[in-house]
Amino acid sequence: MGIKGLTALISDEAPGAIKEMEIKTYFGRKVAIDASMSLYQFLIAVRQNDGQQLMTESGETTSHLLGFFYRTLRMIDYGIKPMYVFDGTPPDLKKELLQKRFGRREEAREQEEEQKDVADAEKMDQLARRQVRPTRQHNEEVRHLLKLMGIPCVIAPSEAEAQCAELARAGKVYAAGSEDMDTLTFGTPILLKHLTASEQKKLPVHQVDLAKALEGLQMTMAQFIDLCILLGCDYLDPIKGIGPKTALKLIREHKTLENVVHHLKEDGKKSVQIPDHWPFQEARKIFESPDVQKGVDLDLKWEAPDVEAMVKFLCQDKGFSEDRVRKGCEKLQKSLSQKQQGRLDGFFTVKPGSAPPKRKAEDDKKNVKKKGKK
């Protein structure tokens, strides 16, 4: 889920913190990617023309393997050195959220069964995607594939995005790659969004700079963590009646969540409902002191790929086209064998504009309205 409304808030209050970049900008960079988020995305997005997941003849899902194989090749093609971090044991505070997700999947499964004779194909496809749940087998297969590709992997003690942030802070990688904005809350200096997006979508990479975000929001890291909790995160629901702008105003005025909660209780507005059990201190502790392996202790090594083992796994075991897999392996070998050139920062151009397209479009509309008033 990430942090509700955080991207829009940063776009409005700290537009210089978000830049649209071309993927080639990251030539020579090491990036820690949230594998658990990518796994979920690939299981949902990588589909056949009829909307069904890719499968072997025996019915085993292979969408996740196709996604990781080709998206990783794409990054390596651009000179990026990706490594992947997988989720470990979730914090106790996250169990309620996971139970809710399980409930939504069960609800979608029941709806699909009830409507299979009357619903249209689009509705059935939506219900099917809502039932997606990565399994232990999916995770193990992806780690096996990445090992054969020579790509380093780490299993985090707990949250993958927290471990990605730790690696970035330790200087082991340039940035963390994830779609979850809470990677910023865990303290990554640089967050890259859309790095593993499909090439067909032609999405630019959104680079978010934490220091610039804090500067624009006019707050410390501790206050930023409190803001993210107030907005709504994976560990606590937001307070009903408190939107992003109000949350920002409250943290700026009252500095801490303790003071904000005290103020809201004193204020007594009926439209604002603080849950009876809202352990924000526990959520804060997860963000401030996450369960991670120290970045300095991790030795990340990119190895030569095992082509024949990859062909056996993907083609003989999973039914992939051998011709396409071997061509992909040739690309992988070529990219990894080439001597890494040094980075010349500024050599590649940044795509114009510092805010995501949606925000820029909204700004353009506002400007048109202002001109009309003159």
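Using N, Cα and C of the backbone, Cβ positions are placed for all residues, glycine too.
Going through D209, D226, D234 against Swiss-Prot, the one listed in the Mg(2+) 2 site together with D180, D182 turns out to be D234. Per Swiss-Prot, Mg(2+) 1 is bound by D87, E159, E161; the candidate from D12, D34 named for the same site is D34.
Across the region 'I-domain' (123-254), DSSP classifies residues as 69 helix, 16 strand, 47 coil. The residues near the Mg(2+) 1 site, meaning same-chain residues not in D34, D87, E159, E161 whose C-beta sits within 8 angstroms of the mean position of the site's C-beta atoms, are S36, M37, V85, A156, A160, A162, Q163, C164, S178, D180, T183, in sequence order.
In this structure, the CA atom of E161 (Mg(2+) 1 binding site) is 7 Å away from the CA atom of D182 (Mg(2+) 2 binding site). Taking a C-beta cut-off of under 8 Å and a sequence gap of six or more, D34 (Mg(2+) 1 binding site) has these contacts in its own chain: V85, A160, E161, C164, A176, G177, S178, E179, D180, T183. Taking Cβ-Cβ distances under 8 Å and a sequence separation of 6 or more, the neighbours of E159 (Mg(2+) 1 binding site) in its chain are D87, G88, P90, P91, F186, I286, P290, D291.
Cα spacing between G232 (DNA binding site) and D182 (Mg(2+) 2 binding site): 10 Å, rounded to the nearest whole number. In this structure the alpha carbons, written CA, of D234 (DNA binding site) and D182 (Mg(2+) 2 binding site) are 9 Å apart.
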